[in-house]
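**Q** Here's the feature list from TrEMBL:
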- 311-352: coiled coil (COILED)
- 15-34: transmembrane segment (TRANSMEM)
- 46-65: transmembrane segment (TRANSMEM)
- 77-97: transmembrane segment (TRANSMEM)
- 109-126: transmembrane segment (TRANSMEM)
- 146-165: transmembrane segment (TRANSMEM)
- 177-201: transmembrane segment (TRANSMEM)
- 207-227: transmembrane segment (TRANSMEM)
- 239-260: transmembrane segment (TRANSMEM)
- 272-291: transmembrane segment (TRANSMEM)
Amino acid sequence: MFNNYKDKLTGDRKILILFVILAIFNIALYINIFKYMVDIKDINMAVIHDFVTINCAIIILGFTSTRLPNLKKRDSSIYEISYLIIIGLLSITISFFNKSINGESLWAPYLEMFRILSVVLILTFLATKTKSFKAVVRGDRSRKTIISQIILCSVLGILASYFTMDINGLPANARALVVMISGLLGGPYIGIPVGIISGVWRYSMGGPTALACAIATILAGITGSIIHRWNGNEFISPVKAGLLMFFYSGFEMFLLTILTPRPTGLIVASNLYGPMTFAAVLGILLFSLFLDEKKEKAETDTDDGDEDKKIELMSEELEEYKIKANQTEGELKEYKDKVEKLEQELNEIKGKI
């Protein structure tokens with residue numbers, strides 16, 4: 001019975017189940033942090049605003065990514081109106097938060113995290129120019145390609161541990177993003193080794209959150225690799241990628257709350273959740289869109305190459321037919337001469353008779 005149920009599970013359903021499991025851990029994170037605030041009788045409105053803001057941003061992102069393209073196909077005016085409504089709601093939300101609390105203290109961590117994300121993404125995009133990355137995009141899984149990508153992604157994962165920003169004295173980074181991308185892009189042969197190397201390196205750096213961060217990094221590589229397999233050995237769509245990083249960031253913060261001594265883990269999670277989730281979701285969305293463009297370009301180049309090859313083959317075939325036609329024309333002329341000669345001989349014989 002279990003095998004029959006397992007066979008019915010498609011890749012999309014497996015990914016959905018994983019999202020649900022990660023969402024449950026996110027809910028557990030919210031409950032833990034809120035319970036901690038109640039216990040210490042200090043409801044931090046800034047933290048609550050962070051949670052609300054990031055969740056609203058994901059809802060808006062999901063609507064924009066899934067609904068607006070369909071609206072644009074049907075009626076461009078509806079598309080434009082919907083886009084304006086979203087911008088208006090976002091402006092109202094920002095205005096509300098800026099008035100309700102110190103706006104600079106709320107948005108400054110996000111802007112600083114965006115700076116860190118920019119550095120990591122620039123390094124990642126430079127890595128996409130390498131031959132090994134292009135080979136992975138084409139589906140090449142040779143030993144040389146795998147080793148090159150493991151080294152490259154591990155270096156990026158280690159560097160991401162050092163490109164950090166302080167939020168209330170706590171370091172925030174985009175290491176999990178790099179490791180997750182390596183798993184989603186290269187599968188278990190790349191994602192798992194990169195996760196282990198980056199995780200062990202993070203653990204060697206020490207600190208109260210070393211164990212939780214190391215485990216979260218390793219699990220990021222495993223999670224990305226599993227989803228890569230479930231998705232037919234392909235990188236998932238931008239929408240799924242954004243949702244994955246949103247849920248996984250919450251799961252990572254949940255690990256901090258249970259693997260780090262109280263109340264340190266809860267304090268770290270409540271301060272880092274918003275900016276790190278923002279960076280992770282935005283980063284993987286930008287990378288996904290960039291990767292889609294790379295794939296389309298590769299397919300176009302392949303199609304152009306195929307067309308050129310077809311033209312070359314057809315030209316060669318045409319030349320062969322021309323040669324055969326010339327040969328046939330020569331043979332016909334030869335036969336015609338023979339026929340004329342035979343007719344002449346026949347006429348001579350008739351004349352003698």
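A Cβ is built for glycine as well, from the same backbone N, Cα and C atoms used for every other residue.
Any TrEMBL annotation is an automated prediction that lacks curation.
Are these features on the surface or tucked inside, and what are their neighbours?
**A** Outside the coiled coil (311-352), and at least 6 residues removed from its termini, no chain residue falls within Cβ reach (under 8 Å).
Outside the transmembrane segment (15-34) by six or more residues, the chain places 9, 47, 51, 223, 226-227, 230-231, 236, 240, 243-244, 247-248, 250-251, 253-254, 257, 266, 269-270, 273 with a CB less than 8 A from a CB of the stretch.
Counting residues 6+ beyond its ends, the transmembrane segment (109-126) has Cβ neighbours under 8 Å at 156, 159-160, 163-165, 167, 172-174, 177-178, 181, 274-276, 278-279, 282-283, 286-287, 290 in the same chain.
If one looks beyond the transmembrane segment (207-227) by at least 6 residues along the same chain, the residues whose Cβ comes under 8 Å of a Cβ in the stretch are 15, 18, 157, 175-176, 179-188, 190-196, 198-200, 236, 244, 248, 251-252, 255-256, 258-261, 264-265, 268.
Remote same-chain partners of the transmembrane segment (239-260), defined as residues 6 or more beyond its termini with a Cβ less than 8 Å from a stretch Cβ, comprise 15, 19, 22-23, 25-26, 28-29, 32-33, 54, 58, 61-62, 65-66, 176-177, 180, 184, 208-209, 211-213, 215-216, 219-220, 223, 227, 266, 268-269, 272-273, 276-277, 280-281, 283-285, 287-288.
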**Q** Restricting to the same chain and to residues at least six past its boundaries, which positions have a Cβ under 8 Å from a Cβ of the transmembrane segment (146-165)?
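**A** Long-range Cβ neighbours of the transmembrane segment (146-165): 109, 112-113, 115-116, 119-120, 123-124, 127, 130-133, 136, 171-175, 177-179, 181-182, 186, 189-190, 193-195, 197-198, 201-202, 205, 217, 275.
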